[in-house]
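Novice: Please see the structure below; I have some questions.
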């Protein structure tokens, strides 16, 4: 008994002493690059060994830290790109730290605001306004005038990278949504699996035909997620010519007749037609489509890998055009420069590399995301993945959800999601829910909340 | 005279000893718990966005906003619902399990390990497991329930059933935790107490009421207080299972704090909510200490 | 006869509870043995149609598993050992010593339990950031080196030990430290062992704290490593369940080895009259 307790105590002391020693040694090494004085050089050398034993014999390598949330199956694609940068730039070294977006976004603003934080960071482009307005990230106009050509980016992407007419980011990736449809379920419902719907009328018809509301073999025409998801309802609103906020971001358009009509049409389909479950998350919608319980889904390029692996007989097509024409959602992760970086040149070098033709072709080929530039034409790397060109094709029809709004999160989570859920849960009529949302949204836009 | 002096010297010795025994833990608590709490109190009177290193004085603005915030009051109601649903049932179940596990039966250590399994698994994985099992369309559990003729429910997707489902998972997760504590309490009850009761002719139920429960008082008090405090602070399982939805039907106070602090980056308001929550929990705990006659050690 | 019926009923109850509690884990382990493409499927199936260990191989291949495992061990064991020592010392003072301000100080300890960690996280992060502690083991461990829950729990058990014990010892001239170390602690072994398991599992599973406090892959713990398989849009369920099964195994082992102390309390009950 006693001896085992002693052994435990000894182990603890040894462990503690060892860790203390390790950190003490780290602090004493002169090779630590100046700009990361707060960090432990022992760890850095360990990291170097891991990334393939690259030699920085001069000891003058500039080290950049890069925080992002590229978890999941795409992670190797991003890691490889960073590794490639390190291999081709012997005087620079980027250490990538990947953690889930929610914990990353909890500490990133605090770190930057208190004078620390990474040299490079990535987050959803909707956050640029917040960070730029608080001066936590650097303006990049000089990068765009020398090194990055804005004309090669899709047009909607260019404005998504700006705040107050100044560039604050380069695109780290670019995604558009397409209509995924299950060919087997189309066939079973008497629809032509090689002719996906192209207008709203055809679409609604296909949705109704593939919906089975009766007991045991229940099936949904479409899996329409409303929260914790890539936004899907906005596409329906835009397709009808409606929107949530005015183009100048000054007033609400929740009670605009076109917005109202779109929400009424689709919520009627959901409530009365039972074409989709309500209160669905993105992950749940994906599960329904993957298990053949839903015939269609709007989704981004990330889903193809899993569906193909599951042996699903499916294809993708542009979202059917509504009364107001073709439209889809664009979603972009932005690459930004932390305001406390001491190596702006190296940061620029990395950004230039990231959006370069080669890097984009490689990233796109590996992750299945469309490239962030439109001039890659028929690079063979893009064709490795047959879906990539289809997602790239709709880039010019794609719009961003609530672009340029500082209160993006609040508007989405406190106004729009609750309004749609109130309607689909039959807690309020379309009129009442949207009127209430209209008031709340105007309050937020006018800074009353 | 001599005795009095001896007593004071014992008292002094105890005082000195108490100082050294308490020093490490109290300094750590002071630095890493009380200092941040005090900081939060100060910040709750300020506008504090995580995007900004400066905090403008805001007076009582955060607290005034709170009084008029319907969603906050909804969160309070939901938290009370969660507590009332999970604590009593959870404690009765874990006491029953602890009594059962206290029996000298073969294979008991394996049973105890199984009961403890949910406790040692992380919420991230638990949420994945349960959202798969409870998925109303493709979940194994709902599939079986439907096959057995139970009426279909949308569980986590239903404004009515999401909270009961969250409560059930909370009970499932914590029952082993309380069981282990109660078991440790049961095992330190002297066997001679039971024997004396037996000689007095007390039946099993009587022995439970007159021996087990009173001897378990300190342990039960601990379990009740800890459970109530923890359930007033419930966050993880709501965060991973429902994100407070649908339509805020599972939005608890700490989830709402998280929403403001980490999602909307409004830490000033989040701190104000945290302080109100603290005062409420504090009062409830004091009440419980009274009810259990905490200071009377037998 | 009556006795054996009662016995059978006890076993039936134990088994029913075990089945209900363990079922989700059985599902988890079986899911980890399915090919990824077979997991999301209708009608749902409990058993894989195609058994595979691929998910386990992938966990091993796609994250630096040993590194994360080592960090988890240092973090969780470090916190557990130090916290057990400090918690039990404080609990001893609260339960067995007389000193002025005891009640007030104890209420203060309870207060430490009442502020949700989600709000103290950021002020703590700022403080540790100022000190330059971020990304070190010290920052992970030291703020957790004592725990109000642990103090409270052990205090409750120490209070229950007979008073005559320390009075006799003190008259014999036994020092307070010896009293704590050689008499009180051994008697409270079941409570100390269960607290050890609680500390271990709480820190072993914690995700948010290590993620906030560390900034590099080299310092990440196992849960943070598993979170890498949870993408924003796509979750690899097979790999995640496999990873969870591996990550839980050491805790099951810790629980089983702590169990032998749980029963030991019985042996000492003879002391209490």
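Glycine residues also receive a Cβ, built from the backbone N, Cα and C atoms like all the rest.
Feature table excerpt (TrEMBL):
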type     : residues  : note
DOMAIN   : C:69-258  : domain 'ABC transmembrane type-1'
TRANSMEM : C:12-30   : transmembrane segment
TRANSMEM : C:73-93   : transmembrane segment
TRANSMEM : C:105-126 : transmembrane segment
TRANSMEM : C:138-158 : transmembrane segment
TRANSMEM : C:179-202 : transmembrane segment
TRANSMEM : C:237-256 : transmembrane segment
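Are these features on the surface or tucked inside, and what touches them?
Specialist: Beyond the ends of the transmembrane segment (C:73-93), by six or more residues, the same chain brings 99, 109, 137, 140-141, 144-147, 150-155, 157-158, 180, 184-185, 188, 192, 195-196, 199-200, 203-204, 210, 221 to within a C-beta distance below 8 angstroms of the stretch.
Through the fold, the transmembrane segment (C:105-126) approaches residues 90, 94, 134, 143, 148-149, 151-152, 155, 208-209, 212-213 of its own chain, all at least 6 residues removed from its boundaries and within a Cβ separation under 8 Å.
Non-local neighbours of the transmembrane segment (C:138-158) in the same chain are 75, 78-79, 82-84, 86-88, 90-92, 94-96, 106, 109-110, 112-113, 124, 128, 184, 188, 190-192, 195, 198-199, 203, 209-210, 213-214, 219; each lies 6+ residues outside the stretch with a CB under 8 Å from one of its CB atoms.
With a cut-off of 8 Å between Cβ atoms, the residues of this chain six or more beyond the transmembrane segment (C:179-202) that come close are 76-77, 79-80, 83-84, 87-89, 92, 96, 147, 149-150, 153-154, 157-158, 161, 165-166, 169-170, 251, 254-255, 258-259, 261-265, 268, 271.
Sequence-distant contacts of the transmembrane segment (C:237-256) (same chain, at least 6 residues past either end, Cβ-Cβ under 8 Å): 28-29, 31-32, 34-36, 39-40, 54-56, 58-59, 62, 72, 196-197, 200-201, 204-205, 222-223, 225-226, 229-230.
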